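Below is one structure, written out as structure tokens; the observations come after it.
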Number of protein chains: 2
Amino acid sequence: MRLSLEEATKIAEKFWFRHTDSTIIAVLQDVETKEVLMVGHMNREALIRTLTEGYAHFWSLSRKKLWLKGETSGHYQIVEDFKIDCDGDAIVLLVRSIGPVCHTGNKTCFYRSYNDIVIEKDKEKELNAKS
Amino acid sequence: MRLSLEEATKIAEKFWFRHTDSTIIAVLQDVETKEVLMVGHMNREALIRTLTEGYAHFWSLSRKKLWLKGETSGHYQIVEDFKIDCDGDAIVLLVRSIGPVCHTGNKTCFYRSYNDIVIEKDKEKELNAKS
């Protein structure tokens, strides 16, 4: 979806940019599988660009700059729909991914489960026992 | 799911509590429908309690206190599973809801869509035209 600047501005007015560096929290969710792909922050400009250009943009808390997700990897996240929360400090973006979201190559940044950690822990124990 | 304190502590070590008030971002997702229900913050204690007691706890950024989701409403969020993101500053909790998550009575806090805002905008226009 791509909105006009007028519509995007109207929508931005609904938000409360109360988080670090005047941001909202943005949750990327796969429009088909409903899998949560990543969580990031958006300032007003990142939100407006996301809504008007149709590609997810974020505010990087570590680099202190605006970034288009996929600008180096080519793994753009195309926005198909969005939902705003009750107090306006978070957005869910329903996206179609052009390539994996995560810099590790995983489809989602949330690829580590309880089992992975337990197995990892057991591996550590094994290694410690052997050493 | 309810973990032992030892397991929960091990898991907490995987996180980077880098957000406001030394928190991570927690996304609640319905384990059945995969709908995103709410976004909140968890400090280390909220995370440990969530994992050991099996009910979602948060750190309130506005009230500056720990809270058990549902402590006044009875709408507890039972944790069935969780996923950790690549840089450890966010968690997805897959939950079974005992009653609606949102204080507005909606099943999810993300109940406002583009259409709602456009319709709301059109209603405003109508009202302005009439007045």
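Every residue gets a Cβ built from N, Cα and C, even glycine.
Automatic, uncurated: that is what TrEMBL annotation is.
Going by TrEMBL, these are the annotated features:
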- B:Asp85, B:Asp87, B:Asp89: Mg(2+) binding site (BINDING)
- B:Cys86, B:Cys102, B:Cys109: Zn(2+) binding site (BINDING)
- B:38-111: domain 'Phosphoribosyl-AMP cyclohydrolase' (DOMAIN)
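The structure, with features from TrEMBL marked on it.
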| residue | record | contacts (Cβ under 8 Å, 6+ apart) |
| --- | --- | --- |
| B:Asp85 | Mg(2+) binding site | B:Ile91, B:Val92 |
| B:Cys86 | Zn(2+) binding site | none |
| B:Asp87 | Mg(2+) binding site | B:Trp16 |
| B:Asp89 | Mg(2+) binding site | B:Phe15, B:Trp16, B:Phe17, B:Arg18, B:His19, B:Ile24, B:Ile25 |
| B:Cys102 | Zn(2+) binding site | B:Leu37, B:Met38, B:Thr108, B:Cys109, B:Tyr111 |
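For B:Cys109 (Zn(2+) binding site), the count of additional Cβ atoms within 10 Å of its Cβ stands at 25 [all protein chains shown]. For the domain 'Phosphoribosyl-AMP cyclohydrolase' (B:38-111), the DSSP counts in helix, strand and coil order read 10 helix, 30 strand, 34 coil.
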